[in-house]
Amino acid sequence: MRPGNLTLALVLGAGVLAISFGSVLVRLATGAAGSESPGLSLAISALRLTAASLLLLPAWRALRGARLGRGAWVYAVLAGVFLALHFATWITSISFTSIAVSTTLVNTNPIWVALIAWLWLRQRPSGLTLAGIAVAFAGGVVIALADSSNPGPNPTLGNLLALLGALAASCYFLLGREAQQRGFGIGLYAAVAYSTAAVVLLLLPPLFQTGLTGYPPMFYLWVLLMALIPQLVGHTSFNWAVRWISPVIVTLVILLEPIGASLLAFALFGELPGPQVLAGAVVMLAGVVLAVLGNRS
């Protein structure tokens, strides 16, 4: 039975608020570690998903009596692989291109979701939805351009990795939707996908000569909070919602993360977003509203 619109809106709102804590907690974790590097970022992602997987161990009890075909398992495991690819490519891209460009490109996933859903699931988006995607993306560009970072040592490689990160995130959500529609409950699906992603990501930090142990206790506390808030609450909220509503709408709602992150940064660090960020936020919100209206028409 499909949940009511109010329930869906509340879950999506909770998801946006939860993932908005991500950048704040990453800053606190890297500060506790006393360093910042691609290897450390990958270690944080691996530990975050490992902790989330351990917290979801009780969800495996749902296997008792579950009737899941091979296809459902394939979709769930592949979703986890693409989640790992999303983290790996996007985080690595920041080492080669500016944060502004990387963030803008990785947030193109509504475009990829719309395209893949059109070609694979035969779900053609309405003209108003496409207009909303374009407006929301323009708002994201406005916000990203407020960052005056250097272009980076290898922008071409960094930009390609960020685009691959967006494509991987799009596949992650679409595959998760298919897994749930083939019988997975949200708890068991999250356990399978997050565990798969953790296994893949745990292989990567050693390639950057980065370990997973030896950090201060506060580092592990911030990582645990990442597992609890952005991962278990944030990602799981979106994974649940994508079963019931258009994945295009879900990924558009995720674009609101920079707005929530800016508000949290102001509350916790006193960082007031500039007028360009505020203007971009208004444009982005307008785009999301347009897309939602287009999806309902």
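Cβ atoms here come from the backbone N, Cα and C positions, even for glycine.
Residues annotated as domain 'EamA' in TrEMBL: 19-143 (among others).
Marked as transmembrane segment by TrEMBL: 38-60 (among others).
Same-chain neighbours of the transmembrane segment (72-93): 38, 41-42, 45, 49, 102, 105-106, 157-162, 164-166, 168-169, 171-173, 175-176, 178-179, 182-184, 189, 192-198, 200-201, 204, counting only residues six or more beyond its ends whose CB sits under 8 Å from a CB of the stretch. Residues annotated as transmembrane segment in TrEMBL: 72-93 (among others).
The transmembrane segment annotation in TrEMBL covers 99-121 (among others).
Taken from TrEMBL, the feature transmembrane segment applies to 128-145 (among others).
According to TrEMBL, the feature domain 'EamA' maps to 157-292 (among others).
What TrEMBL records for 157-175 (among others) is transmembrane segment. Packing against the transmembrane segment (157-175) from elsewhere in the chain are residues 75-76, 78-79, 82-83, 85-87, 89-90, 92-98, 101-102, 105-109, 112-113, 116-117, 120-121, 193, 238-239, 242, 247, 250-251: each is 6 or more residues past its ends and has a CB under 8 Å from a CB in it.
The transmembrane segment annotation in TrEMBL covers 187-207 (among others).
Under the heading transmembrane segment, TrEMBL lists 219-241 (among others). Note on the transmembrane segment (219-241): residues 8, 11-12, 14-16, 18-19, 21-22, 25-26, 28-29, 32-33, 44, 47-49, 51-52, 55-56, 173, 176, 180, 186, 189-190, 193-194, 250, 253-254 of its chain, located 6 or more positions outside it, place their CB under 8 angstroms from a CB of the stretch.
The feature transmembrane segment is assigned by TrEMBL to 248-270 (among others).
Taking Cβ pairs closer than 8 Å, the transmembrane segment (276-294) reaches residues 110, 125-146, 248-249, 252-253, 255-256, 258-259, 262 in its own chain, all 6 or more past its ends. TrEMBL lists 276-294 (among others) with the feature transmembrane segment.
Mapped onto DSSP helix, strand and coil, the domain 'EamA' (19-143) counts 101 helix, 0 strand, 24 coil. Long-range contacts of the transmembrane segment (38-60) within its own chain (CB-CB distance under 8 A, at least 6 residues past either end) are made by residues 26, 29-30, 83-84, 87-88, 91-92, 94-95, 187-188, 190-191, 194-195, 197-198, 201-202, 204-205, 207-212, 220, 223-224, 226-228, 230-232. Panel annotation: around the transmembrane segment (187-207), residues 39, 42-43, 45-46, 49-50, 52-53, 56-57, 59-60, 62-63, 66, 73, 76-77, 79-81, 83-85, 87-88, 172, 176, 179-180, 231-232, 235-236, 239 of the same chain, lying at least six beyond its termini, place a Cβ under 8 Å from a Cβ of the stretch.
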